[in-house]
Every structure is written in structure tokens, then in C-alpha cells.
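**Student:** Straight from TrEMBL, here's the annotation block:
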DISULFID  Cys53-Cys80  disulfide bond
DOMAIN    25-82  domain 'Sushi'
Amino acid sequence: MSIHGGVQTCVLLEAGNVSVQVTTVQCPKPENPVNGNAVYTSYAYNSIVSYECKYGYTVVGATTRRCGADRKWTGKTPTCQEINCGSPGVLYNGWIENIEAGESHDARPICIPRRVY
């Protein structure tokens, strides 16, 4: 016999009577990773939580976890790592302003105007 969303325990009583006790299994509320969110509708047995990161970050680790009968989420909570495009390189005949790499940084090339003699 299967009971959705729970675990059943059978206890044999005197005179051959059987008592069935049903316990609902829930995992702890999933934690949000720094710079991200845990997305779920339930944290009951067999529920799935998925993870997303805010703009400019990417998920490192598993993007989903499942609630097990042991009341624990499978795997580990992923992290959100900032997307870093690195240096845009060398600009000849000019320079680059705001060269900081990372989210919300806008590197802008500034060119030295050509001189006409």
C-alpha cells in the first residue's frame, strides 16, 4: 500500500491486529543561495526545489534537489557565482573607462581624436 506524500509504519498488535500509522515527511525549508533564489511549491516528500541566480550570476552546482524519505534534500545547496567576462584587452590610440569586470560594470572605449595638421 502506498500513501502519497508520507511514509507508513505498520505495527503488529496483540491478537494479530495491525495498526497503520502514517507520518508525513517534509524536508526543511530550502535556503536561498546568496544572490539567488530557491523555487518550490512544497517541501514535502519527493518535492523538487530548483535554483536560479539573479542577473549577472550563474548557478554553480546542481540546479535541482529532491526531498527524500530521510527528511533531507539530496545533494548540496548550489552557489551563485558572479559572471566575470575578464579584461576587454588593450585599446590602442585610446583607453578604456570603467574597466572593472563584473555585473553592472560597463567598460567604455574612449578613442583619441585624430589630429589634422
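Glycine residues also receive a Cβ, built from the backbone N, Cα and C atoms like all the rest.
Just so it is clear, the model here is predicted, and its values are computed rather than measured.
Show me how these features fit into the structure around them.
**Tutor:** The Cβ of Cys80 (disulfide bond) has 21 other Cβ atoms within 10 Å, all protein chains considered.
Computed over the domain 'Sushi' (25-82), the whole-number mean pLDDT of the model equals 96.
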**Student:** Other than its own, how many Cβ atoms are within 10 Å of the Cβ belonging to Cys53 (disulfide bond)?
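**Tutor:** Excluding its own Cβ, Cys53 (disulfide bond) sees 21 Cβ atoms within 10 Å.
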